[in-house]
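Have a look at the structure below, then the notes.
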Amino acid sequence: MGTVNKPVVGVLMGFGIITGTLRITNPVRASVLRYDDFHIDEDKLDTNSVYEPYYHSDHAESSWVNRGESSRKAYDHNSPYIWPRNDYDGFLENAHEHHGVYNQGRGIDSGERLMQPTQMSAQEDLGDDTGIHVIPTLNGDDRHKIVNVDQRQYGDVFKGDLNPKPQGQRLIEVSVEENHPFTLRAPIQRIYGVRYTETWSFLPSLTCTGDAAPAIQHICLKHTTCFQDVVVDVDCAENTKEDQLAEISYRFQGKKEADQPWIVVNTSTLFDELELDPPEIEPGVLKVLRTEKQYLGVYIWNMRGSDGTSTYATFLVTWKGDEKTRNPTPAVTPQPRGAEFHMWNYHSHVFSVGDTFSLAMHLQYKIHEAPFDLLLEWLYVPIDPTCQPMRLYSTCLYHPNAPQCLSHMNSGCTFTSPHLAQRVASTVYQNCEHADNYTAYCLGISHMEPSFGLILHDGGTTLKFVDTPESLSGLYVFVVYFNGHVEAVAYTVVSTVDHFVNAIEERGFPPTAGQPPATTKPKEITPVNPGTSPLLRYAAWTGGLAAVVLLCLVIFLICTAKRMRVKAYRVDKSPYNQSMYYAGLPVDDFEDSESTDTEEEFGNAIGGSHGGSSYTVYIDKTR
């Protein structure tokens, strides 16, 4: 869907988890069967058909399939639409996945032009009796195409093209009157012998009024990606949810379609709860016999074929005469300015002396302002085989007069300001009015430095090397200036195998003469007194180590003697506000005669003698 000035959400093209009672309807036999909790009583169904659950892995859709005669082939594991029965329990877990938001990528990336919204009243449908139906065209205007019903049953209604291919979105606005019927007809394309699965979902707009009501607006996701789509306000989305109305599966057999009936699975209880009749579903058709306000909203139709084809359509159903919905206010999108440039190139090119080759910069652009000035410039610095790597400070291309770029360290291994580089070639387009294709319609003036002996091609984006000598090895930098400002930078190292060096692009300014490079850490060197003898240094180290060992030994002996004189155990003299006392592990012999009083006190405290057995005592003073 799209965006407006305040936060909005798009109508989701997927389907949520299926709940409720299934109502399976065979329109041809006019029989209605009800089953709860997805359990099918096959004894009550047609004995010539087998109904099996299956899951669309690409679109997280679930359904029941009337396999018919194909049931004799058991399960078709090669089909992307039929899953083995043991996977049936898993499809509900993934049923919450969606196609996406805002219909992004549908009919845009494929290069097809999106259809503009059309006003199609329910009265424009001439009815089944006449054999004539109104089909919206895909040529970007508001005209309609009238085709015969029999023609719609065979292949593509648009010039009879039977080649399967993805279709762009069909965006159709339908105006209806209260208590009148209306029919939604999808611009369907079918191929003989292909099994199709169609799904209908519905986003009601009953709770969405005023500015929150769904409306068709002009959406721009990017400067170059704009289209018409249905926009749903975020306040509306919080009060409503999308329902999957039904799913229909059938194999298209032309005029024999009536001999192989389709099966419709109604998976929504929305209209049952409102005590309204659910819409009638046929291949590519949704019918409502008596329109009430509960039927207004967004309907999404999706069709997939077993041959891999897919198409879908979005219908916005509103009251007839609703001027707000009929003539929606386009969303305010900022006018793009400036230009966008993107380049693809190799960062290195290895050659042999005498080779002829081309160095190309593949430039893609979108220019939003005209007239404009464009400068394409090639710069060069020689490479030093001892430099590993060469460093390109691209910041200096944007600030060529900065002091750090004009005076820096290691100038032979860096590329900084263009003022310090050699100009190889340049192409200028001045006061150009043609933003779509400036190379074809604008005058470009090129200049080549004769000392290099190179040839400029492709409007200034390609350098051709002929009988290349080794002296042309170097770092070549390509810069795009738009109206005097740097817009894009690219580089390539051209060298022989023997003198190849790598090049990297650095962010920020290069280090100055008094500043070490940020990427290297200077080594700390401890000065040594040249008058000190190695023998004296060795003696000093040995003496110091011996002193440390002796000190540690003395401390160890003192601690050991002290521990031999301490009490065998002691009671922690904790204050009485604590809840526990902790006693240690007693031993058999007590060498300290001064510990008798404490031991007796401890024995009396616990109500017995301590003896000589080992134990740990926890005394709770609260007892």
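FYI, residue positions are counted from 1 along the chain as it appears here.
Yeah, the Cβs are placed from backbone N, Cα and C, and that goes for glycine too.
Noted from Swiss-Prot: of Asn437, Asn577, the annotation N-linked glycosylation site belongs to Asn437. Of all ranges given (208-236, 527-555), Swiss-Prot attaches the label region 'Interaction with gI' to 208-236. Residues of the same chain that lie 6+ residues outside the transmembrane segment (539-559) never bring a C-beta to less than 8 angstroms of a C-beta in it.
The modified residues in question are Tyr438, Tyr441, and the one with the fewest Cβ neighbours inside 10 Å is Tyr441.
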